[in-house]
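K.L.:
Shown below is the structure under consideration.
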Amino acid sequence: MKRVAILISGGGSNMLRLLDSMAGDHPARPVLVGSNDPAASGLAKAAAQGVPTVAIDHRAFASRTEFEAALLEPLLAAEPDIICLAGFMRILTPDFTRRFAGRMLNIHPSLLPKYPGLHTHARAIEAGDAEAGATVHEVTADLDAGPILGQARVPVLPGETPDTLAARVLVQEHRLYPEVLRRFAAGDRKPVLL
Ligand code: GAR
C-alpha cells in the first residue's frame, strides 16, 4: 500500500477527489494533507475525512528554503511514497523537488507544454485556442515541465471567459487526477488521456 501526502493552498477540490478515490482496492492511502496557508479551507475538509493535516505558513519564513525546511519536517514524518500537489501555489526549489524525484505529481490547468505558470485559461482564450484542459505531470526542478502522466481536454466555447473555462476544466481535473494517481500508485506511468 502506497502512502500519499497531498499539498494544497486553497479549497482543495482536487484533494477531496483524491481522498475519495483512495478506498477499497486502491493501491494507496492518504497519510497527510498539508498547506502553506493556515486559512486554506481544504484543511478542514481533509480533517473531516479523518486525514491528518498540517499548515506551515510560508509568510512566517524569510526565504523559500526556510519555509521548505519547515514543511519537510511533518512531510518526512508522514513517510509518504507519493506526494500530490493539488492547487499548491508555491514554487518549490530544486533541492526540494530533487528529494522527491519520480514520486511527486502536480495537476496544472493547461495542456502542457502550453501555458506553464499562471493565468492559463485567459492565455488559452486570448490565443484563440480551440481546446484547453489540464495536465498531471511528474514534478521536476523546472516549473510545470516534468514528464506528462495524463491530460484531459475540453473545447473552448464561443463567449468563453477564464472563469467559465476554469469551471469546465476543473470538472475534468476531478476525473483525471484520481485516475492518474491510481495507475501511478500501481506502477503504471503510461499517460492517461481523457
Ligand atoms: C486547480 O484548477 C489546479 O489545476 C490549479 O489550481 C486549482 C486548485 O483547485 N493549480 C495550479 O494552478 C497550479 N499552478 P482546488 O484547490 O479546488 O483543487
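Each Cβ is built from the backbone N, Cα and C atoms, and glycine gets one as well.
Got these off TrEMBL a minute ago, pasting:
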ACT_SITE  HIS108  active site, proton donor
BINDING   GLY12, SER13, ASN14  N(1)-(5-phospho-beta-D-ribosyl)glycinamide binding site
BINDING   ARG64, MET89, ARG90, ILE91, LEU92, ASN106  (6R)-10-formyltetrahydrofolate binding site
DOMAIN    2-181  domain 'Formyl transferase N-terminal'
SITE      ASP144  site 'Raises pKa of active site His'
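I'd like to know what surrounds each of these features in this structure.
P.N.:
In the shown protein chains, 23 other C-beta atoms lie within 10 A of the C-beta of HIS108 (active site, proton donor).
For ASN14 (N(1)-(5-phospho-beta-D-ribosyl)glycinamide binding site), the count of additional Cβ atoms within 10 Å of its Cβ stands at 26 [all protein chains shown].
Within its own chain, ILE91 ((6R)-10-formyltetrahydrofolate binding site) has ARG64, LEU143 as residues 6 or more apart in sequence whose C-beta sits under 8 angstroms from its own.
DSSP assigns ASP144 (site 'Raises pKa of active site His') to coil in the three-state reduction, placing it in neither a helix nor a strand.
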K.L.:
Work out how many Å separate SER13 (N(1)-(5-phospho-beta-D-ribosyl)glycinamide binding site) and HIS108 (active site, proton donor) at their Cα atoms, rounded off.
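P.N.:
One finds 14 Å between the Cα atoms of these residues.
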K.L.:
Compare the Cα of HIS108 (active site, proton donor) against each of the recorded positions GLY12, ASN14, MET89, ARG90, ASP144 and report the nearest.
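P.N.:
Nearest by Cα distance to HIS108 (active site, proton donor): ASP144.
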K.L.:
Once the chains shown are all counted, how many other Cβ atoms turn up within 10 Å of the Cβ of MET89 ((6R)-10-formyltetrahydrofolate binding site)?
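P.N.:
The answer is 15 other Cβ atoms.
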K.L.:
I'd like to know which of the recorded positions listed (ASN14, ARG64, ARG90, ILE91, LEU92, ASP144) lie near ligand 1, counting only a CB under 6 Å away.
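P.N.:
Within range of ligand 1: ASN14.
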K.L.:
What is the separation, in Å, between the Cα atoms of MET89 ((6R)-10-formyltetrahydrofolate binding site) and ASN14 (N(1)-(5-phospho-beta-D-ribosyl)glycinamide binding site)?
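P.N.:
So the Cα of ASN14 (N(1)-(5-phospho-beta-D-ribosyl)glycinamide binding site) lies 13 Å away from that of MET89 ((6R)-10-formyltetrahydrofolate binding site).
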K.L.:
Using C-alpha atoms only, work out the spacing between ARG90 ((6R)-10-formyltetrahydrofolate binding site) and GLY12 (N(1)-(5-phospho-beta-D-ribosyl)glycinamide binding site) and round it to an integer in Å.
P.N.:
15
